[in-house]
Amino acid sequence: MKPSIPRTTFPLPFLILLLLLPAVVRSGDLIEEVCKKTPFYGLCAATLHSNSSAAADIKSLACTVTNFVLSNATDTLSYIQAQLKKEKDPKAEKALANCAELYIPVVKYNLPQAIEAFFRGYYGFTKYALSDAAKQADACEDKISGAGAGGGELSARNKAVSDLCGVGAAIVGLLMKVGGRGLKV
């Protein structure tokens with residue numbers, strides 16, 4: 001009698017990984033493909049690869065970046081408010097106060113409304129709000145640079161917010177081109 005060979009020679013976890021591999025490769029390809037169409041490829045790829053659930057389709061990529069923008073803008077506003085409490089130089093203090101005035105509506109109203117609009121399918125408003133948030137971050141940078149306080153951590157934060165907004169607006173623009181279907185570009 002011939003010895004029987006078990007039909008499953010691969011362990012079950014390995015088999016599951018093998019079955020999931022094409023989806024992982026496709027999602028990575030989607031991130032790469034989409035990020036190449038944004039103004040800041042490296043920032044886009046790093047942001048989206050850091051969130052493993054982001055790569056289902058263009059819509060989920062746009063949602064991830066938009067939420068990431070809100071998170072970064074909120075952190076930047078908190079940083080500005082903390083610096084404002086410590087600042088002794090009147091010129092720098094005024095610049096920081098102006099920055100807070102620029103970021104408060106972005107964090108409290110514009111970006112949350114943009115996210116809500118996104119979920120309702122109003123991608124044009126979302127793209128506009130992201131572009132406006134970038135302008136506010138750039139205006140903050142102009143204020144602190146004009147006060148001689150640019151080039152530090154706040155400058156880096158402003159650049160990150162502005163650049164993330166550019167990435168988000170570009171991805172939302174791609175989503176608008178495919179009609180919100182969330183298909184590959």
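Including glycine, each Cβ sits where the backbone N, Cα and C put it.
Features as listed in TrEMBL:
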- 1-27: signal peptide (SIGNAL)
- 26-171: domain 'Pectinesterase inhibitor' (DOMAIN)
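The residues of the domain 'Pectinesterase inhibitor' (26-171), classed with DSSP into helix (H, G, I), strand (E, B) and coil, number 124 helix, 0 strand, 22 coil. Across the domain 'Pectinesterase inhibitor' (26-171), the prediction's mean pLDDT works out to 93.
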